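Trainee: I have a structure I would like to understand better, so I am pasting it below and will then ask my questions one at a time.
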């Protein structure tokens, strides 16, 4: 029996981060965490592309542009922050962004991790950005690299 598993190593991996700017400090923490994790896991700065977009809604079209640009990426991390407000805007954006990111990952056969925080409050969002617990930018990069290394074996 053959069991295949990826490792969270960035050595030799070309990776992109598409990070939304909306909800600034939290979004910046996600992108910074993903960047630092890439470097900590053996990646080099010249193999990392960071693209900042205005908001999470702009992530899917930017992913599509990157994927069709001719540049070969091993994985992409999509970072953003959506905080629930009093209107249905949050639900519409969260559902559409998640669906499109997933569709692009399947369509292109490329690991694209969904490191978009969807939270009921600012405090809850900060908890997912490493202040009091998990860090979605870090875990998103680790997962992206693990999947990229697994895909190299398939």
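Here the Cβ of each residue, glycine as well, is placed from N, Cα and C on the backbone.
From Swiss-Prot, for reference:
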- 22, 56, 57, 58, 81, 82, 83, 114: 5-amino-6-(D-ribitylamino)uracil binding site (BINDING)
- 86, 87, 128: (2S)-2-hydroxy-3-oxobutyl phosphate binding site (BINDING)
- 89: active site, proton donor (ACT_SITE)
Trainee: Given the recorded positions 86, 87, 89, find the one whose Cα is closest in space to the Cα of residue 58 (5-amino-6-(D-ribitylamino)uracil binding site).
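Mentor: That would be 89, the closest of 86, 87, 89 to residue 58 (5-amino-6-(D-ribitylamino)uracil binding site).
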Trainee: Measure from the Cβ of residue 114 (5-amino-6-(D-ribitylamino)uracil binding site) and count the other Cβ atoms within 10 Å, all protein chains considered.
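Mentor: Neighbour count, Cβ to Cβ under the 10 Å cut-off: 18.
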Trainee: Round to a whole number and give the Cα-to-Cα distance in Å for the pair residue 87 ((2S)-2-hydroxy-3-oxobutyl phosphate binding site) and residue 57 (5-amino-6-(D-ribitylamino)uracil binding site).
Mentor: 16
Trainee: Counting only other Cβ atoms and using a 10 Å cut-off, which of the recorded positions 89, 128 scores lowest?
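Mentor: Output over recorded positions 89, 128: least Cβ neighbours within 10 Å is 89.
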Trainee: Which one, from the binding-site residues 56, 87, has the smallest tally of other C-beta atoms lying within 10 Å of its C-beta?
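Mentor: Among the binding-site residues 56, 87, the sparsest Cβ neighbourhood within 10 Å belongs to 87.
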Trainee: Work out how many Å separate residue 22 (5-amino-6-(D-ribitylamino)uracil binding site) and residue 89 (active site, proton donor) at their Cα atoms, rounded off.
Mentor: 14
Trainee: Measure from the CA atom of the residue listed as 'active site, proton donor' to the CA atom of residue 83 (5-amino-6-(D-ribitylamino)uracil binding site) and give the result in Å, rounded to a whole number.
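Mentor: Each residue's Cα considered, residue 83 (5-amino-6-(D-ribitylamino)uracil binding site) and the residue listed as 'active site, proton donor' end up 10 Å apart.
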Trainee: Per DSSP, the residue listed as 'active site, proton donor' is which: helix, strand or coil?
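Mentor: Assignment for the residue listed as 'active site, proton donor' reads helix.
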Trainee: Quick one: what's DSSP say for residue 22 (5-amino-6-(D-ribitylamino)uracil binding site), helix, strand or coil?
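Mentor: Looking at the DSSP assignment, residue 22 (5-amino-6-(D-ribitylamino)uracil binding site) belongs to neither helix nor strand, so coil.
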